[in-house]
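To start, the structure itself, in structure tokens.
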Amino acid sequence: MSQIAILSVNHQLVPVEVREKVAFTPDKLIQALNNLHHIDGIDACIILSTCNRVEIYVASNHKNSEELLSNYLAKTHNIKRDIIDSYLNYFEGNEALTHLCNVATGLDSLVLGEPQILGQLKNAYHIAKEVKTLNKLLEKLFQHTFSTAKKVRTNTQIGASPVSIAYCAVKLSEKIFEQLSEQTVLLIGAGEMIELCAHYLNQKGVNKMIVANRTIENAKKIAHLYQAQSIGLKQFSSFVYKADIIISSTAASMPIIGKGLIESALKKRKHKPIFMLDIAIPRDIEPEVGQLDDVYLYTIDDLGQVVNDNIGNREKEKGLAQEIIVKQNQVFNKWLDTIPNEQMVQSYQFGANSIKNELLEKAIKQLKNGANSEDTIRKLADQLANKLLHLPFKNIKQTSIENLSQCEGCIPYIKN
């Protein structure tokens, strides 16, 4: 019998530079699915690949699929196992079921409760369905997951309140500028927070973003995801005047943006307002910058209370979401328990049909040879009943008294 197994590479453990090494690009995903599906013992598979996670879901006949899936991932991307081994998470059975539901509901996301992941999961499911790498078990698993996610969204407020500093930054910028899509944004840094800011700004329709970082390659990684421009940190001062929004989050030990730089930028901009958010500790922007007219400067302390309030709200909802997941998974596990019964029924049905066809052929030949119709039909009925009942009768005779009531339940015409 197949069992559910998951190999996960996600944001909780894995830096961007490793995640991108194991990502499946759209042009290679279908071939990757087919290759995985052709591995002996893999009955079905789905691959999810986003900027924050790569996950492989399989219905496998192997007792443990961790080594197999880890080797597949390394071989597919032509990388050594020791590069990724410490970043891999493996789940099977009920743990796999819980993990997938946590992913679908946003409980496992970088931003607690974010809804985008459900759409990404549905897309991965549909791709697997199109290339025929699904079976009944994975079909049922993902339909259960989507239903559970919908129930969580309907019955909790897990996605209602923004929780990340990045999200709050974007919401604050909307108060300054009515149309974010028309603004130019300068993002300074290339860490997790800047990546999230880029994500939310992109969702708001911002298509003019500049990512500046000391290591240009790290800036390019984020810029590539959102079709932004990437520059080195030494260059950013010449781009400041172009920015309507500046969000900075570096690891610099001293401020990198001073009052003089912003004064010059404002003159070039003819005092068009600049929204600035400093989410670095120590601060990246000199506090004196906030004294300038047409500058709206916020620090992480200004956002702290908003974020903490929303984290509290979502943490409460997280508990409710987990309760729903547990209850829904109990229903799914009951269905899993019936699979051996279904297989037994299918096997018995196949055997019964074989017996029926064999006896029917004999009866037809007898009728063609002139045998009496009524006698032939009666003989067919008797033989069919005897052959079909032989094995059940044998098993009933060998069944203990304690289990006899279960046998009676399978024979509705028994009279008490």
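Using the three backbone atoms N, Cα and C, a Cβ is placed for every residue, glycine included.
Fair warning: this is a prediction, and the values are worked out from it, not measured in the lab.
Feature annotation from Swiss-Prot assigns active site, nucleophile to Cys51. For the recorded site, Cys51 (active site, nucleophile), the DSSP three-state label reads coil. Counting only residues at least six positions away in the same chain, the Cβ atoms of Arg19, Ala23, Glu195, His199, Leu225 sit under 8 Å from the Cβ of Cys51 (active site, nucleophile).
If you look up Swiss-Prot, you'll see Thr50, Cys51, Asn52, Arg53, Ser109, Glu114, Pro115, Gln116, Gln120 marked as substrate binding site, on the strength of sequence analysis.
Look at Swiss-Prot and you will find Gly189, Ala190, Gly191, Glu192, Met193, Ile194 tagged as NADP(+) binding site. Just so you know, the Cβ of Ala190 (NADP(+) binding site) picks up 27 other Cβ atoms within 10 Å once every protein chain is counted.
Reduced to three states, the DSSP call for His99 (site 'Important for activity') is helix. Here Swiss-Prot flags His99 as site 'Important for activity', drawing on sequence analysis.
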(message) Tell me the Cα distance separating His99 (site 'Important for activity') from Ala190 (NADP(+) binding site), rounded to the nearest angstrom.
(response) 29
(request) Starting from the Cβ centroid of Thr50, Cys51, Asn52, Arg53, Ser109, Glu114, Pro115, Gln116, Gln120, the recorded substrate site, name every other residue in that chain with its Cβ within 8 Å, sequence order please. (result) Leu110, Ile117
(message) By the count of other Cβ atoms within 10 Å, pick out the sparsest of the binding-site residues Met193, Ile194.
(response) Met193
(request) Calculate the distance in Å between the alpha carbons (Cα) of Asn52 (substrate binding site) and Met193 (NADP(+) binding site), and round it to a whole number. (result) 13
(message) Other than Gly189, Ala190, Gly191, Glu192, Met193, Ile194 themselves, what residues in this chain have Cβ atoms within 8 Å of the centroid of the NADP(+) site's Cβ atoms?
(response) Leu187, Glu195, Leu196, Cys197, Ile222, Ser249
(message) Quiz question: given the binding-site residues Pro115, Gly189, Gly191, which has the greatest number of C-beta atoms lying within 10 angstroms of its own C-beta?
(response) Gly189
